Amino acid sequence: MFTKAEDVLRYIRDEDVQFIDVRFCDLPGIMQHFTIPTQVFAESVFTDGLMFDGSSIRGFQAIHESDMLLLPDPQTAFVDPFREHKTLAMTFFIHDPITKEQYSRDPRNIAKKAETYLRGTSIADTAYFGPEAEFYIFDDVRYDYNPYGSMHHVDSVEAAWNTSRKEEGGNLGYKPRFKGGYFPVPPTDHFTDLRSEMTRVLYETGITVEMQHHEVGTAGQAEIDIRYDTLLKTADNLMLYKYVIRNVARSRGKTVTFMPKPLFEDNGSGMHVHSSLWKDGEPLFYSPNGYGGLSDTARYYIGGLLHHAPALLAFTNPTTNSYRRLVPGYEAPVNLVYSARNRSACCRIPLGGDSPKAKRVEFRVPDPSCNPYLAFAAMLMAGLDGIRNKIDPPDPIDKDLYELPPDELAAVPQVPGSLEKVLDALEADNDFLREGDVFTTDLIETWLEYKRLNEVDAIRLRPHPYEFTLYYDI
């Protein structure tokens with residue numbers, strides 16, 4: 001919307017903007033904000049910044065060194081369609097208040113450094129990313145945990161388990177079965193108008209949508225695909241995408257979750273990520289003579305993704321819930337191989353006709369619980385390491401990997417089965433991320449400590465309700 005400070009300030013004056021919503025991303029990937037009146041938003045903010053308490057933000061500073069500085073990024077500004085008073089929202093970079101250097105734990109800074117590193121390699125000058133984020137639309141969610149009990153419950157007018165319940169006006173049916181929600185027309189698809197409204201608002205905020213549809217899961221699983229863009233821009237778009245989806249749903253009395261696996265015995269929500277490298281305006285992943293139309297550069301890029309996948313998943317699939325999705329039987333990509341067209345492989349080469357510009361790699365493992373700034377940056381660094389070191393991936397497999405006999409399947413490498421395992425893999429394999437100081441040692445150590453303490457240990461130490469079913473009378 002804007003390219004420089006003057007554009008923002010002129011728009012504020014000309015359009016009678018009343019508030020500036022200051023946004024930045026915490027380490028796990030949740031957008032934070034505070035709001036200031038435009039009367040106190042002076043031009044000096046673009047040079048002197050705004051201060052905030054970094055010790056109160058997850059994964060940031062200790063209390064004895066808590067002051068942090070925010071500097072605006074004018075290119076991220078948009079008019080927030082959900083605010084009662086005209087508000088211009090803008091995402092900021094985080095800096096050290098003394099040295100003014102960019103903060104090493106700022107996720108946006110890491111994404112920016114990854115793009116700078118790419119240009120410095122001379123391999124390519126631009127990386128494009130295109131995520132396909134899935135989510136569930138529920139009518140109601142309740143959950144609780146305390147030392148003596150726990151529960152969670154979700155519900156949806158569209159849920160398969162509600163075919164027999166009494167509903168106001170009568171139960172009219174048309175509820176997708178478990179794993180039976182892919183592409184039905186209304187009335188089975190209850191939420192097509194809601195997704196269209198989400199699409200409309202996404203366009204209003206500057207995000208191009210290519211498609212929206214019902215996904216496989218019952219109870220309102222959905223997908224809205226946005227247009228690819230450069231790494232940092234796509235990560236910004238995905239954060240805004242989540243904001244829009246959640247708020248449109250809430251305005252219609254619904255609630256959305258991007259949890260990878262909110263339902264047992266139905267498909268999880270993934271986020272397939274398409275990526276490609278370009279140089280001087282030309283695509284680098286196409287060769288008419290290569291397998292699947294891939295160039296050597298693309299093949300080595302895939303080699304890097306597969307070689308570093310156990311460590312990479314610490315950023316692309318960073319929650320304990322991620323590994324409830326990554327299991328056989330629910331269309332999840334658990335096999336660390338690549339293939340043309342084959343959706344059961346974790347790396348797929350989508351059909352794009354004969355157009356070199358359409359040639360790309362689809363990494364099917366990630367899920368929308370990730371911090372996109374860190375996930376896309378880590379993917380790029382893994383792919384570049386593969387190119388730089390000419391890492392050949394294993395031979396492609398064009399069979400249906402879900403139907404392989406046990407002896408053949410045993411030879412196919414699998415994704416790690418838990419967050420704990422991928423964190424261990426990241427601890428052992430992170431040199432590729434630290435190239436060019438894109439991911440600092442401090443960032444990696446902070447990520448490992450945060451995830452182990454606040455997620456792995458937090459889950460490990462608490463009794464699970466199903467354990468009572470299994471063991472109460474043992």
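Using N, Cα and C of the backbone, Cβ positions are placed for all residues, glycine too.
Model, not experiment: these values are computed from the prediction.
Cross-referencing HIS33, HIS214, HIS272 with the Mg(2+) 1 binding residues that Swiss-Prot gives (GLU132, GLU362) picks out HIS272.
Mg(2+) 2 binds GLU215, GLU223 as Swiss-Prot records it, and from the list GLU115, GLU134, GLU158, GLU282 the residue named for this site is GLU134. Ranked by how many other Cβ atoms sit within 10 Å of their Cβ, the binding-site residues GLU134, GLU210, GLU215, GLU223 place GLU210 at the bottom. Helix, strand and coil content of the domain 'GS beta-grasp' (15-99), in residues and according to DSSP, is 16 helix, 35 strand, 34 coil. Counting only same-chain residues at least 6 apart in sequence, those with a Cβ under 8 Å from the Cβ of TYR402 (O-AMP-tyrosine) are PRO328, GLY329, SER344.
Taking the centre of the Cβ atoms of GLU132, HIS272, GLU362 as the Mg(2+) 1 site, the nearby residues of that chain (Cβ within 8 Å, site residues left out) are GLY130, PRO131, GLY270, MET271, VAL273, HIS274, ARG348, PHE363, ARG364.
DSSP assigns SER275 (ATP binding site) to a strand segment in the three-state reduction. On its own chain, GLU331 (L-glutamate binding site) has VAL216, ASN267, ARG343, SER344 as residues at least 6 apart in sequence with a Cβ closer than 8 Å to its own Cβ.
Comparing local CB density within 10 A for the binding-site residues HIS274, ARG325, ARG343, ARG364, the maximum falls on ARG325.
Spanning the residues GLU210, HIS274, SER275, SER276, ARG343, ARG348, LYS357 that the record associates with binding ATP, the maximal Cα-Cα distance equals 21 Å.
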